[in-house]
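Structure, as structure tokens:
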């Protein structure tokens, strides 16, 4: 309280990180929609699904209302402007650039969405495993819905890159910290940090998930 | 009240229009199921999704019960009879005929479903943008679910024809009229009328949505 | 009460049958995920959808909580172990073996899930047709979600084998028995028995659903 400016700056920084992560998720939808040559409606819907689909599915399963995008409808305007802007100004080489530039905000989003989803499920009284699943779903199922609508097998289930697995581990770290009685801010930080760090490690070392032990076809 | 017959006739006419619009949506599912050579179960499910899927998804998001097809289970029998009848009697040239004949009832359905969906969301306390989205979803997402189940990219996201956009504009007209304090019947009429008129215009003039400014592949 | 041992044995037998049916459903997801060469995450999600997706969708539509897999989170561990074990130890010829061996537990699951789903919907106050649909959905839509995620037209809508139809008839038998005022255990037994028997008959006689009366393409 001695330094309100400092507090405001930290809070603003957090909001900016969250916004950046949400934009990264939305851009993953935009890039896929561009690849599939969807029209303006499809671009907006797919980008919106990628950004908000995971949290919305979690809230339906937990029977929570209002959804994030209902409580903060301003985000819908931002999404609309972003999508139409991209359709006007995005060039072919921008798509590749966007994908590369968004890898890191996406890894941060994976951690943030996992931690917030797991925490919300714990508060709703879910058992540990279910809370971890809800965190994973928050982080991963936006992309899953994006891919299903674009008629692809979801890359999270198919590309053998550790992604949902990082969320899974991060969720368990959060739950473990919660069970130890550690303060909530620490649990959230640990869960998000571990998920993001694992994802970053997986990208840097190009780790792959184990395959089926032998080809089945 | 002086002329109850007149009232009954108007009400009957409205019910008939609604029924026709629902049938048009169901037939769009039936036609796609026929193309994909689905079996009797698939035909009924896809026709049902096309007719009731949009409103059901809206009600799940708004946490409303009962669904239309639970409150009016008679519609399910009508759908079943229609689908089995079509499988028995529909010939190849009927499919093309059906598609052409259903374009106009479908445009009416677009308006009606948009207006009712937007109004329901407003009454549930949704912010303006969310109410418009819910109206659009009511009108469009039956077809989206139909296409996803049939393993196609939803035509509403892909065919560059103004469809969801007409619902979007009609929804905003309804919300605007609501904010002006105009009576509900007028808001509903304006919203539905604008959405249907725009759709009719788009069909007559063969308008297309703007594409990506340059090919990305 | 004179013979508690007998009661315990019967109850254990029922639990074992239910578990076997759930495993059969999960294995159908596992086999498809293997075919599609999904990674470990995809295998677990698709097996989980096949096992629990139908009941979860029914509960969302009926607005019931908690879901089966939230109330019995131990099943999630079992699923995880089963999926990882299969990825380690399953060989190509095991897949074909599994599919054949699971046909009969799957038919039992069809009956059990139909009966429990229909009963739950009746208790929630659904009209007869809706209750039957909910029972069918419980039994069939796990497989539908499994196929949609794997980017296939759902086999339940496409392969012309009587499957959902058996559930449909079984559901009506349960509802009919319920309307006759017969005891609940008898209604459940009749509904599950008829659905399973019809499915077994369809497999033994290799029955097929009627096709469209003429090719449409």
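Each Cβ is built from the backbone N, Cα and C atoms, and glycine gets one as well.
Features reported for this protein in TrEMBL:
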{"type": "TRANSMEM", "residues": "C:12-33", "note": "transmembrane segment"}
{"type": "DOMAIN", "residues": "C:16-89", "note": "domain 'Glycine transporter'"}
{"type": "TRANSMEM", "residues": "C:40-61", "note": "transmembrane segment"}
{"type": "TRANSMEM", "residues": "C:67-89", "note": "transmembrane segment"}
{"type": "DOMAIN", "residues": "C:104-175", "note": "domain 'Glycine transporter'"}
{"type": "TRANSMEM", "residues": "C:128-149", "note": "transmembrane segment"}
{"type": "TRANSMEM", "residues": "C:161-179", "note": "transmembrane segment"}
{"type": "TRANSMEM", "residues": "C:185-205", "note": "transmembrane segment"}
Cβ contacts the transmembrane segment (C:67-89)/the transmembrane segment (C:40-61), at least three under 8 Å, sequence gap 6 or more: yes
Residues from the same chain, set at least six apart from the ends of the transmembrane segment (C:12-33), whose C-beta lies under 8 A from its own: 42-43, 46-51, 75, 79, 82-83, 86, 95, 98-99, 102, 105-106, 108-109, 112-113, 142-143, 146-147, 150, 152
The domain 'Glycine transporter' (C:104-175), counted residue by residue under DSSP: helix, strand, coil: 57 helix, 0 strand, 15 coil
Across the domain 'Glycine transporter' (C:104-175), average pLDDT on the 0 to 100 scale: 96
Secondary structure composition of the domain 'Glycine transporter' (C:16-89) [DSSP: H/G/I, E/B, coil]: 63 helix, 0 strand, 11 coil
